[in-house]
C-alpha cells in the first residue's frame, strides 16, 4: 500500500513529459504540483524525458520542454532520459520473466476487438482473457513463425490493489477488472508503464503526482513494483482540466501551449499562481515568487471534481504582475527601447499602471516619442484645432496640462468632461490612460492634428 504524502528532506519528485509535442496547461499542472512539493520539502525535482518512442520523440520538442520550464522558473535538479536506460528496462523484463509474471501474446488488434465485443454482449467486463497463457510451446513457436514476436504482458495478481491517494483518499481497485497490461510491444518498444516503474524505483522517487486518468495505471504499476521487490512511492491524482463551461479541454490544448501563452504576453508568475490554486479550496492570489507559492502549497486543499480552466482569467493576473514590477526589473527593457535615462523611471511609473502585457510598454514609449494619431469626433474638431493652436512648444513639465487646459477653458468656455476628454483623445489617441499631467511631461514631440 502506498503511504500518504508527508514533507521530508528526502522527498524526490519528477515531471516526465514525452518530447512528442509542446507542453500545454494540462502538463503544467502536473509539473507544477511535483515541483512545489519538492521545493517545499527541500527535496529533489527531476525532469525526466520519456522518449522511448523513437518515431515521435524529437530533440526539438525536448529543447522546447526545457525552454518552457526555464521560462516559468521551474528549475530541475537533474535531467534524465529514458532513451539512455533501455538496459535497465530489459533487466526488469528478464526479472519478471524469471518470476513467471511476464508472458508473450500474439492476438491481433482485430482479434482483441472481437473478444471485447463478445464480452460486452455477455455483460462481462472487457478484460483480456489470458488466452496466451494456455498456449503450448509448439503453439507459441507456430505463432512466432507466422506473426513474428508478440507483445509482452504483465500477469496481474487478481486481488484488490489498495493505496492511500494524496488527493483522492483511500482507493481500491480489483485487479481482476483490469487487463494484464502490455509492457513491451511486438516491435520491441518499451512502454510507459514499465519504464516509469523502473525509473521511479531506480531514481528514488518518493512522491508521484499526476492526472486522475492515471489511476488504473497506478494500480498496475504498484503490482509491477512489488513483483520487482520494490516499494511504491506515494501517489496523488489531481483532477483533469475542463473548459470554462465544463467542456472537454483536450481539443483546445493545442491552442493552450505554454509557448503560445508566452508569445501572447502571459507573465510566468500569473500563470503559476493561477495553476497552483484552481481546483483547490484556496482563492487564486498572485504570488511574488515560486518560493512563496511552494510555502502555501498543500495537496489537502484539492478535491476530485474536474477543474475549470479559462485562459481569460490569466490576463488580469498578468496585468497585476506588471503593475507591481519595480523599475529595476525592467530598466534593461526600457533602455533598449531608447527611453532616455533621465526620464526612464518616470516613464515606467506612468506606463506600468496602464499596460496589460509587457509588449505594451513599447506602445506607450512610441506615443511619447512620436506622438499619437489623434482621436477626434466631428463635433469636437473645431474646438480641438483651437486648443492645439494654444499649445506651447516643448519642453513640457508637470504644470503644462493644467496651464494649457485653463487657457483653453477661458478661451472656449468649455469645462469638465467636455473640455478634458476631447483633448485627452486628441493628444493620446485613447479614451483612457495616465494622468494627463504625467503624459504631457513625458512627451518628446509637440502633439499635432
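Keep in mind that glycine also has a Cβ here, set from the backbone N, Cα and C atoms.
Remember, predicted model here, so these are calculated numbers, not experimental data.
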Of the residue ranges 6-16, 17-27, which one carries the motif ''HIGH' region' annotation in Swiss-Prot? 17-27
Range annotated as motif ''KMSKS' region' in Swiss-Prot, from 233-237, 238-242, 243-247, 248-252: 248-252
How many helix, strand and coil residues does the motif ''HIGH' region' (17-27) contain under DSSP? 3 helix, 1 strand, 7 coil
